[in-house]
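Student: I'd like to ask you about the structure that follows.
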Amino acid sequence: MAQNRKKKIGLIGGGQIGGNLALLAVQKNLGDVVLYDIPAAEGLVKGKALDINQLSAVDGYDSRVIGSTDWKDVAGSDVIIITAGVPRKPGMTREDLLDVNLKIMRDVAGNIKQHAPNAFVINVANPLDAMVYALHKIAGLPDNMVVGMAGVLDTSRFKCFVAEALGSSIRDVEALVLGGHGDDMVPLVRHSTVGGVPLTQLIAKDKLDAIIDRTRKGGAELVGLYKTGSAYFGPAASSIAMAESFLFDRKRVLPAAAMLKGQYGISDFFFGVPVQIGAGGVEKVITVELNDAEKAELKKSYESVKQTVELVKL
Ligand code: LMR
């Protein structure tokens with residue numbers, strides 16, 4: 001009987017998000033995992049790989065993790081998720097990370113170009129949208145094979161705060177956040193529902209405004225609590241949802257920083273919108289009908305991402 005080839009997932013960065021990604025990937029049996037980091041972190045990636053493999057009997061999963069400091073092990077990955085880079089600390093913006101993380105991205109993207117040019121690549125490093133731009137340019141990846149993770153995370157935060165405010169099941173919350181991964185992101189209240197009922201009929205305006213504000217600052221709230229770093233469970237779960245949709249051709253519609261070619265009036269630019277992800281990578285960009293106020297908010301978000309992208313010198 002013909003056997004499907006086991007998929008390979010390359011995780012670049014062995015920190016908190018990388019470890020969570022590795023665990024989720026094998027628990028979901030997505031394929032075998034290579035957890036890569038630089039030689040100084042060899043013990044960390046080898047340790048996390050061994051730790052995860054040792055617990056495989058508990059859940060009975062057959063995927064394996066290897067910890068590596070050699071890009072040759074990443075070669076041929078079907079999916080690559082990049083978490084390499086420095087997280088922000090309290091008082092910092094994501095944009096403050098541009099210089100330090102761009103340096104790291106240059107190396108990572110160059111190695112992807114050399115070792116895994118056919119992979120579907122998901123970026124998690126900040127400032128997210130600008131890093132996606134740099135990654136795409138340096139690695140020379142096709143437009144449909146590069147995305148930024150943040151829309152899934154921002155939308156999940158929005159849904160979580162809505163469910164908490166109503167005391168209702170998260171399963172009945174339908175919501176969407178558009179735009180860049182920054183304080184100007186656009187939670188689309190008018191398009192959001194709980195059990196099919198518009199959000200505006202369920203939550204008073206002042207409470208909704210507070211939820212929108214908290215969503216926009218969701219990452220900073222965690223940075224303030226963690227003190228030494230930023231979110232890791234959410235970014236990991238969000239990236240895995242995208243990877244899974246690609247690997248198993250699920251064709252899920254997920255918000256992602258994806259290459260726009262005229263949609264939303266934006267061209268040749270990575271920006272957060274709903275896309276369909278399947279075996280062909282980003283197979284479709286979905287256009288949401290916006291009113292004038294929403295268009296103005298989205299433009300503001302676009303302008304602020306553009307400002308950061310313009311600082312990227314390659
Ligand atoms: C997040 O939103 O959690 C990440 O972008 C990390 C951060 O610095 O906020």
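Placement of Cβ uses the backbone N, Cα and C atoms for every residue, glycine included.
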Student: With Gly13, Gly14, Gly15, Gln16, Ile17, Gly18, Asp37, Val124, Ala125, Asn126 listed by TrEMBL as NAD(+)-binding, which of these, Asn101, Asn144, is given for the same site?
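Tutor: TrEMBL names Asn101 for this NAD(+) site.
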Student: Taking just the CA atoms, what is the gap between Gly13 (NAD(+) binding site) and Arg88 (substrate binding site) in Å?
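Tutor: Checking the Cα atoms of Gly13 (NAD(+) binding site) and Arg88 (substrate binding site) gives a distance of 16 Å.
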Student: Quiz question: given the binding-site residues Gly13, Gly15, which has the greatest number of C-beta atoms lying within 10 angstroms of its own C-beta?
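Tutor: It comes out as Gly13.
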Student: What mean pLDDT does the predicted model reach across the domain 'Lactate/malate dehydrogenase C-terminal' (153-311)?
Tutor: 98
Student: Whole-number answer please: how many Å between the C-alpha atoms of Arg157 (substrate binding site) and His181 (active site, proton acceptor)?
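Tutor: That comes out at 12 Å between the alpha carbons.
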Student: Report, in whole Å, the straight Cα-to-Cα distance of Arg94 (substrate binding site) from Asn126 (NAD(+) binding site).
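Tutor: Asn126 (NAD(+) binding site) to Arg94 (substrate binding site), Cα-Cα distance: 6 Å.
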Student: Based on Cα distances to Gly15 (NAD(+) binding site), point out the closest of the recorded positions Arg88, Arg94, His181.
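Tutor: Closest recorded candidate to Gly15 (NAD(+) binding site) by Cα: Arg88.
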